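Asker: Under the heading active site, charge relay system, TrEMBL lists S144, D270, H299. According to TrEMBL, the feature domain 'AB hydrolase-1' maps to 67-303.
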Amino acid sequence: MPVIKSPYKAKALFKNGHFATIYSAKLRPFPFLEQKRQRLELKDGDFIDIDWSLAKVSEEKTTKLAILLHGLEGNAQRTYIKGQGKILVENGWDVAAMNHRGCSGEENRLYLSYNSGRTEDLDELIQHILANHKYDEIALIGFSLGGNVILKYLGEREDAPKEIKSAVGVSVPLYLRGALEQLIKPENVVYSQTFINDLRKKYKRKMPYFPDAMNAEELKQIKNLLEFDNRYTAKAHGFKDAYDYYEKSSALQYLPNIKIPILILNAENDSFLSSECYPFEIAKRHKNIYLEVPNTGGHVGFHQSNKVYYSEKRAFSFITKHE
């Protein structure tokens, strides 16, 4: 039922998906957002860092919190996190921006790290927040990989906390195998090469700490994202191979189980996404899944002005409507 006709119209060069993607990732000025870091020690002996921003307009302590999750090899200082956080704190929401393991500027302690379907860290963060803070309303907002994590979390758990009222996923690779096949196409070589260069550097930094599991010879074999997922992601996180990881970690299969209102904002010209990442038929049949597919926007590139992006205003309006 809720397939939304999008009002978003990109201007000038931003109509080009690649330009919108690259400008937004590399050239957009950083929105100002005060952040204070908290380290959360995890049950398995590892840690994640959370960057908090507090509501500016509330005379009393707000009872509303948005938890933000970044994408592959991003962090809580990316422009899309700061832009989303800024509009939220200016309108009475606290913000907790979660850095995935190993993404906060310090290597994580364990051989495993994070992946597109690992929801345990998000769950542990939510449980920690509920035990130590008084929030009546929690919204989850994820970008790219972070969106897949959030939607999988909501669909795989029967017992998601009642305080979670809504969620938004922006540029979400709901079907991971299809997204991988898109990324390795020649026209996407700039993106895939950037990702694999960053991931290889991270692998190399971890190597001295895990000599039985990681070595220079294997690193030589990791020349693309599929090989990285075969030789590290799958092995570190208990999957048979990369394709087993993609199959079991894709949020698409969990969407029918979601019990709260969610918005999926995926641009038609997002070169990271395969056709399966646009779940029109599921949205038509599901009262809680709102799917919006603008013609333009690239990958997390819904530019309206440098100060605020369409995706940031849209996410805020959606979670406000579904408080």
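Here the Cβ of each residue, glycine as well, is placed from N, Cα and C on the backbone.
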Asker: Using C-alpha atoms only, work out the spacing between S144 (active site, charge relay system) and D270 (active site, charge relay system) and round it to an integer in Å.
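Answerer: Answer for this pair: 11 Å between alpha carbons.
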Asker: By a simple count, how many Cβ atoms lie within 10 Å of the Cβ of D270 (active site, charge relay system), its own Cβ left out?
Answerer: 27
Asker: Please list residues from the chain of H299 (active site, charge relay system) whose Cβ is under 8 angstroms from its Cβ, counting only those at least six apart in sequence.
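Answerer: The list for H299 (active site, charge relay system) reads G17, T21, S144, S171, Y191, A267, D270, S271, F272, L273, given in order along the sequence.
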Asker: Taking all residues of the domain 'AB hydrolase-1' (67-303) together, what is their mean pLDDT?
Answerer: 97
